[in-house]
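Q: Heads up, here are the entries from TrEMBL:
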ACT_SITE  B:Glu325  active site, proton acceptor
ACT_SITE  B:His326  active site, proton acceptor
BINDING   B:Tyr127, B:Gln189, B:Asn212  NAD(+) binding site
BINDING   B:Ser235, B:Gln257, B:His260, B:His326, B:Asp359, B:Glu413, B:His418  substrate binding site
BINDING   B:Gln257, B:His260, B:Asp359, B:His418  Zn(2+) binding site
2 protein chains.
Amino acid sequence: MIKIYEDNDSIGLFLQLMQRRSEEDSKDALEAVEGIIGAVRKEGDASIKAFTEKFDGVTLEQLKVNEVEIEDAFSKVSSNIKNALEKAITNIEYFHKKQIRQSWVSTEENGVIMGQKISALEKVGVYVPGGSAAYPSSVLMNVIPAKLAGVKKIVMVTPPKKDGSIDSNILVAAKLAGVSEIYKVGGAQAIAALAYGTDTIPKVDKIVGPGNIYVALAKRVCYGKVDIDMIAGPSEITIVCDEKANPRFLAADLMSQAEHDKLASSVLITTSKTLAEEVNKQINIQIQNLNRKEIIEASLKNYGGILVVKSLEEAIDMANTIAPEHLELMIENPIAYLGKVKNAGSIFLGQYSPEPLGDYMAGPNHVLPTNGTARFFSPLSVDDFIKKSSYIYYTEDALRELSEDIMILAKAEGLDAHGNSIKVRVENE
Amino acid sequence: MIKIYEDNDSIGLFLQLMQRRSEEDSKDALEAVEGIIGAVRKEGDASIKAFTEKFDGVTLEQLKVNEVEIEDAFSKVSSNIKNALEKAITNIEYFHKKQIRQSWVSTEENGVIMGQKISALEKVGVYVPGGSAAYPSSVLMNVIPAKLAGVKKIVMVTPPKKDGSIDSNILVAAKLAGVSEIYKVGGAQAIAALAYGTDTIPKVDKIVGPGNIYVALAKRVCYGKVDIDMIAGPSEITIVCDEKANPRFLAADLMSQAEHDKLASSVLITTSKTLAEEVNKQINIQIQNLNRKEIIEASLKNYGGILVVKSLEEAIDMANTIAPEHLELMIENPIAYLGKVKNAGSIFLGQYSPEPLGDYMAGPNHVLPTNGTARFFSPLSVDDFIKKSSYIYYTEDALRELSEDIMILAKAEGLDAHGNSIKVRVENE
């Protein structure tokens, strides 16, 4: 059952509430994280093993996952799952290959050459959470764009279980996607190891992948020393629909987002109050058979909302204000409305493009900007694993032509050594 | 005079030293910044005016720069400077237009449509420092790519002088580049205003532009609430040269970087000790006529180095380790070596492409990754002012074809409401 909001004031209050969702910023957690990072920088592998003993309850001899463990995982995972992963990889690669960019050069008539050189990051770290949030699909989504960008070394880290093992699905997904090395380490200590390097774990250029509050804080603290993917918050879906949309589909999609966690937000914006009520009926029916019923109920109660508005235009404006991670347009001729969408991580068009299709199989990335940050952040892509360098080559004549103007601006800025570097080239000694 | 390093050990120690340059992270500064941000969020314009009184020593009636002030600035700035700025704008636009990217779509035979939609950020804030670091060229470099990306509202903030005015060159550059609105506010209070909005100053999606330690900390604290350009550290130049390079040019270029500040680092890597000594002679001659002699001497003493190596290959490897903001290749046939360069913000090829040419006039951006972050960060570009959304449209048949595999993966991840969203679409009620 999701609360229905009809008047502007209560809709406004609901939107404010959902945008204020977030985990408490904890000074204690930050201090703990800073302590862990300091220890890893100082003591390297020894402190990694100590933290793993403390937090994961297991004493490890070797941090690195070996070939036998990977073969073992392959033998344990069903061929159904392996085939599904392979199909997902094919589709994800198909989409992400279209994102690959080329270096460009511009050669001018006067002999000047300028351009932008694209190169892959050399080493990337991928964090994979443990426990119930160990998702093989996320391994694919984080690793494949890095691989396609041309990253040579992709280092995966993930916390071990109490028996020292790693989830078999995760190992299989990592191997199939092309991870180079896997280490059994999680939490802030894993981020510190990737940012600074230890004897065993290589220092990387960028760290991607989701994690708990300690992982998120450690990424934020190390940002600048190493690049990170994005600042992730609680996730959400917004569905815009007209009165012809199928309430059964709508209910299912809202719940598929809600099952993630109690901070997740599922919002339906519709022009039809009758439909809103039918959706609630469908939720009550379908939820009975769902395993994560309790989480779904809490999430829908806390941050779920059905907003009844006057027009489709108003609905899309409201979605732009929310700037949702996932936006479903369950309307007739949805492609005609694509131009009106300003802020959304991933957009699902029509009745047969539900969000879980995008989570697993369609091809676009499921690592998306959350909590309203689609105003300025983008889905994870091949772009996240490259860097650019610009370059220029000037001839003596071409430099001479601009020399006066450069010296004028250098003087205006009080930087005469800048002017001098031009002067020594255009004036005789 | 720059110290010459010849053996591997002392070169290694020098490289470590230069990579450890940075301003002290100050807990006091962070607390001050958090206090300022809190006050601006709570009290808006009133606190902006109070901080401006406190830090800039001026009581402002109006925060917004008005048309009369801009006209006044145009009348004060010489036509030489205006012409030079216009020429710079032409060249910067020429280069950055080549960075503009297009949305793409892929239409499949089975009716599936998928794509990536590019949209401009809606509102961007540009911070411009006051005092002696008020550089009109930086205004151009930050504003032009935003404009070309299609950003509708570009909001500039800059601290006022004691008489309440803004530097005329800055105002002229802002107007010529296409800034929408200018506000007289600096420091952490300016960043807070842009991140959260006040009655007068609009909330933006991204904040770019350099600033002092308080500005940098405020940007870091607000990151996630708003996007920021990059984490900037002290800047540097690395020059790789062969024995034919002109020592007069080399000396001038090293000093043009050194004059920025005492933390700047100027490094020459050469195969010729004779040349190294000639460069030092040239520095001693040229420095006598430079205004910022004291800063240059301090910077060259602290973080300057001439590294003598055995081969050009070794020199370029070393430059890749440094990952410099600016890399000059003062060698014969420099373009042939471009492929060997892995990590550098901007690359200057040959004898007649000195760094100040790129700072002002050549076209590429001068906002670059510093302090070794060219390993993973890129020059400011049109890319920094866009966001991407992915989208999919599936037909019923196309969804049905993938439905089994999606449900297998959803089940493997324990997310059965995800599976349910597919099930309701492919199974009869």
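Residue positions begin at 1 at the first shown residue.
Placement of Cβ uses the backbone N, Cα and C atoms for every residue, glycine included.
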Q: Comparing the binding-site residues B:His260, B:His418, which residue's C-beta has the most other C-beta atoms within 10 angstroms in this structure?
A: B:His418
Q: Determine the Cβ neighbour count for B:Glu413 (substrate binding site): the number of other Cβ atoms within 10 Å of its Cβ.
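A: Here the count is 20.
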Q: Give the distance between the Cα atoms of B:His418 (substrate binding site) and B:Gln189 (NAD(+) binding site), rounded to the nearest whole Å.
A: 45
Q: For B:His326 (active site, proton acceptor), which of these binding-site residues sit within 10 Å, Cα to Cα: B:Ser235, B:Gln257, B:Glu413?
A: B:Ser235, B:Gln257
Q: Check each residue in the chain of B:Gln189 (NAD(+) binding site) that is at least six apart in sequence and keep those whose C-beta is under 8 Å from its C-beta; list them in sequence order.
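A: Set apart from B:Gln189 (NAD(+) binding site) by at least 6 residues yet with Cβ under 8 Å, we have B:Ile36, B:Ala39, B:Val40, B:Ser47, B:Ile48, B:Phe51, B:Thr52, B:Phe55.
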Q: Between the recorded positions B:Glu325, B:Asp359, whose Cβ has more other Cβ atoms within 10 Å than any of the rest?
A: B:Glu325
Q: For B:Asn212 (NAD(+) binding site) and B:His260 (substrate binding site), determine the Cα separation and express it in whole Å.
A: 13
Q: Write out the long-range same-chain contacts of B:Ser235 (substrate binding site), meaning residues 6 or more apart in sequence whose Cβ is under 8 Å from its Cβ.
A: B:Gln257, B:His260, B:Ala264, B:Ser265, B:Glu325, B:His326, B:Leu368, B:Thr370, B:Asn371
Q: What residue among the binding-site residues B:Asn212, B:Gln257 has the most other CB atoms lying within 10 A of its CB?
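A: Sorting the candidates by Cβ neighbours within 10 Å, the top entry is B:Gln257.
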Q: Counting across all protein chains present, how many other Cβ atoms fall within 10 Å of the Cβ of B:His326 (active site, proton acceptor)?
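A: Neighbour count, Cβ to Cβ under the 10 Å cut-off: 26.
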Q: Please report the Cα separation of B:Glu413 (substrate binding site) and B:Tyr127 (NAD(+) binding site) in Å, rounded to an integer.
A: 45
Q: Quick test of understanding: given the recorded positions B:Asn212, B:His326, B:Asp359, B:Glu413, B:His418, name the ones whose C-beta is under 8 angstroms from chain A.
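A: Listed recorded positions passing the 8 Å Cβ cut to A: B:Asp359, B:Glu413, B:His418.
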Q: Could you measure between B:Asp359 (substrate binding site) and B:Tyr127 (NAD(+) binding site) for me? Cα positions, answer in whole angstrom.
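A: If we compare the Cα positions of B:Asp359 (substrate binding site) and B:Tyr127 (NAD(+) binding site), the gap is 18 Å.
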Q: Have a look around B:Tyr127 (NAD(+) binding site) and count the other CB atoms within 10 A of its CB, chains all included.
A: 28
Q: Using DSSP, would you call B:His326 (active site, proton acceptor) helix, strand or coil?
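A: Looking at the DSSP assignment, B:His326 (active site, proton acceptor) belongs to a strand.
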Q: Reduce the DSSP letter at B:Tyr127 (NAD(+) binding site) to three states and note it down.
A: strand
Q: Whole number in angstrom, please: the longest C-alpha to C-alpha distance across B:Tyr127, B:Gln189, B:Asn212 for NAD(+).
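A: Pairwise Cα check on B:Tyr127, B:Gln189, B:Asn212 gives a maximum of 13 Å.
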